[in-house]
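S.K.: What Swiss-Prot records for this protein is below:
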type	residues	note
BINDING	E64, D83, L85	Mg(2+) 1 binding site
BINDING	E64, L85, D86, G87, T88, D205	substrate binding site
BINDING	D83, D86, D205	Mg(2+) 2 binding site
Amino acid sequence: MLDQVCQLARNAGDAIMQVYDGTKPMDVVSKADNSPVTAADIAAHTVIMDGLRTLTPDIPVLSEEDPPGWEVRQHWQRYWLVDPLDGTKEFIKRNGEFTVNIALIDHGKPILGVVYAPVMNVMYSAAEGKAWKEECGVRKQIQVRDARPPLVVISRSHADAELKEYLQQLGEHQTTSIGSSLKFCLVAEGQAQLYPRFGPTNIWDTAAGHAVAAAAGAHVHDWQGKPLDYTPRESFLNPGFRVSIY
């Protein structure tokens with residue numbers, strides 16, 4: 001099933017790129033929480049929803065662009081968790097650092113994940129405890145890698161005072177910044193060793209990247225040391241967390 005989900009992510013990426021390259025208008029509007037949404041978000045959402053309903057008609061889907069109410073999803077044990085365009089701010093800035101995120105959740109855990117960066121044409125995927133990166137038609141298994149000093153990857157668009165204080169206390173390290181779920185993927189492929197997050201995220205922002213990072217050997221825990229959990233709950237917000245090889 002992983003190959004079909006990867007192809008679905010590519011199809012969604014193609015729909016996004018039609019807006020990104022100007023073939024179709026971007027049409028940026030603000031949602032109720034003031035976050036931006038574009039025609040590309042909606043186009044990718046439609047592609048993924050149609051594809052998953054065909055691929056697995058018995059598994060419900062939670063997408064950022066049309067999340068079901070709590071009364072609908074409170075008893076879900078297995079479901080798809082989708083962010084059709086993660087990094088909308090990066091998309092609007094046209095820096096290429098946005099992704100298509102698709103994850104399969106089973107009893108609170110992301111057991112399959114796909115993160116596709118359309119501009120870079122890079123696909124990260126994970127299933128059955130293994131993670132891969134596909135680039136230029138070549139697919140290879142990836143895993144975490146230690147480095148000294150460690151490279152800490154941080155958000156391009158969401159810096160905060162807590163993060164600054166954390167980094168000051170961390171000891172010797174280097175930093176890099178990138179948008180969207182690519183932060184998880186940098187840790188997964190051994191380029192970075194730590195991704196700390198204090199600012200708010202939603203479950204669709206993290207599930208696919210979580211699957212990839214965990215399958216590559218990283219730990220994805222909240223600041224109390226518990227694995228991020230995707231068991232249905234009323235709020236979509238995650239706690240703060242860190243993705244680490246240590």
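Backbone N, Cα and C define each Cβ position, glycine as well.
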S.K.: Round to the nearest Å and give the CA-to-CA distance linking E64 (Mg(2+) 1 binding site) with D205 (substrate binding site).
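M.R.: For E64 (Mg(2+) 1 binding site) versus D205 (substrate binding site), the Cα atoms are 9 Å apart.
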S.K.: Compile a sequence-ordered list of residues in the same chain as D83 (Mg(2+) 1 binding site), six or more apart from it, whose Cβ lies below 8 A from its Cβ; state 'none' when nothing qualifies.
M.R.: S63, E64, T99, V100, N101, S181, W204, D205, A208
S.K.: Run through the Cβ atoms and count how many others sit within 10 Å of the one on T88 (substrate binding site).
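M.R.: So the Cβ neighbour count for T88 (substrate binding site) comes to 23.
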S.K.: Beyond E64, D83, L85, what residues of that chain have CB atoms within 8 A of the centre of the Mg(2+) 1 site's CB atoms?
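M.R.: For the Mg(2+) 1 site the neighbour list reads D41, A44, H45, S63, E65, V82, P84, D86, T88, V100, N101, W204, D205.
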S.K.: E64, D86, D205: which of these binding-site residues has the highest Cβ count within 10 Å of its own Cβ?
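M.R.: For the binding-site residues E64, D86, D205, the Cβ with the most other Cβ atoms within 10 Å is D86.
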S.K.: Within 8 Å of the Cβ centroid of the Mg(2+) 2 site residues D83, D86, D205, which other residues of the same chain have their Cβ?
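M.R.: Close Cβ neighbours, site residues excluded: E64, L85, G87, T99, N101, S180, S181, N202, W204, T206, A208.
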S.K.: Let me check the 10 A CB neighbour count of L85 (Mg(2+) 1 binding site). How many other CB atoms are there?
M.R.: 29
